[in-house]
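Below you'll find the structure, written out as structure tokens, and then a few comments.
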Amino acid sequence: MAMRQTPLTCSGHTRPVVDLAFSGITPYGYFLISACKDGKPMLRQGDTGDWIGTFLGHKGAVWGATLNKDATKAATAAADFTAKVWDAVSGDELMTLAHKHIVKTVDFTQDSNYLLTGGQDKLLRIYDLNKPEAEPKEISGHTSGIKKALWCSEDKQILSADDKTVRLWDHATMTELKSLNFNMSVSSMEYIPEGEILVITYGRSIAFHSAVSLDPIKSFEAPATINSASLHPEKEFLVAGGEDFKLYKYDYNSGEELESYKGHFGPIHCVRFSPDGELYASGSEDGTLRLWQTVVGKTYGLWKCVLPEEDSGELAKPKINFPETAEEELEEIAAENSDSIYSSTPEVKA
């Protein structure tokens, strides 16, 4: 029986949402951080979109954001020429890492001891977070501003992308191992540790490469320019979004388009699957994040599938089951925390 996709809309940002990242699965669930041009990255409960807090301190657009594996630390990259590291539990700023130009990307090592950054000055920097006063290690070689930089191969190597080039670096020797060149601008890059897969989008193409050799695995063509794509943890599906405001879901093995949804009111800048693969999140020019079910109609998070009575003749339809906490209580909670990291309470809407 056909079910209608009902995304959850997470409001609160006032400018385009340009990056998002999930934590790993922790004893408290998993979490989602969003980067926005309003300069106020937000932390949310990953499976519901419920707002937890806003990290206040940047003086320019935030272009990149990430969480470490256990969601105890956050890092952000901004147009104010800084990257910041935060305590993701208390919201406190732990350190500010000054750069010489706009910072676009940040990524923690698995042990959270090192932070990789990249930006408009074309340099990769590696900061030892246990020695914040020490100068970072620098890797040069990119010929244009760095859009994305990620640790890979158990932090032994680094993947980075500038305008039309993806490069693979050795961490120990700080040297370039291999590179990929494209005839158009690379819009996004995702690294999948399980299977060492690299997902790259450029133009209308979604390409999959080996993260070890950079050899091509397969590629798909989408109907519109794609800004971001994400591969399901079990490699069954991939989702992608771009300039036509739509989200596309494909079968990874066959490349067949399974579904497409239009929910945003502007181009989609970023999409990511949750660590359990039950949902995917999208961030858009319209200033919202939306959460989408991988399997439509499944009871999960705020989605509750209510089946009809056998003799009612009604079609099964998903319902959104909101927590019992009333809006007035949420406002009181926000008021009590007005002096902390929390700002006005964003909403999650069906």
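Here, residue 1 is simply the first one shown, and the rest follow in order.
Yeah, the Cβs are placed from backbone N, Cα and C, and that goes for glycine too.
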Inset, instruction - May I ask you to indicate which of 121-143, 328-350 is given in TrEMBL as region 'Disordered'? - result: 328-350
Inset, instruction - Please give the sequence-distant neighbours of the repeat 'WD' (261-293): residues at least 6 beyond its ends with Cβ less than 8 Å from one of its Cβ atoms. - result: 5-11, 13-25, 30, 32, 34, 36, 38, 44, 46-49, 188, 190, 227-234, 239-247, 300-301, 303, 318
Inset, instruction - For the repeat 'WD' (139-179), find every same-chain residue at least 6 residues outside the stretch whose CB is under 8 Å from a CB in it, and list them. - result: 64, 101-102, 104-105, 107-111, 114, 116-126, 185-186, 188-189, 191, 193, 196, 198, 200, 202, 209, 211-214
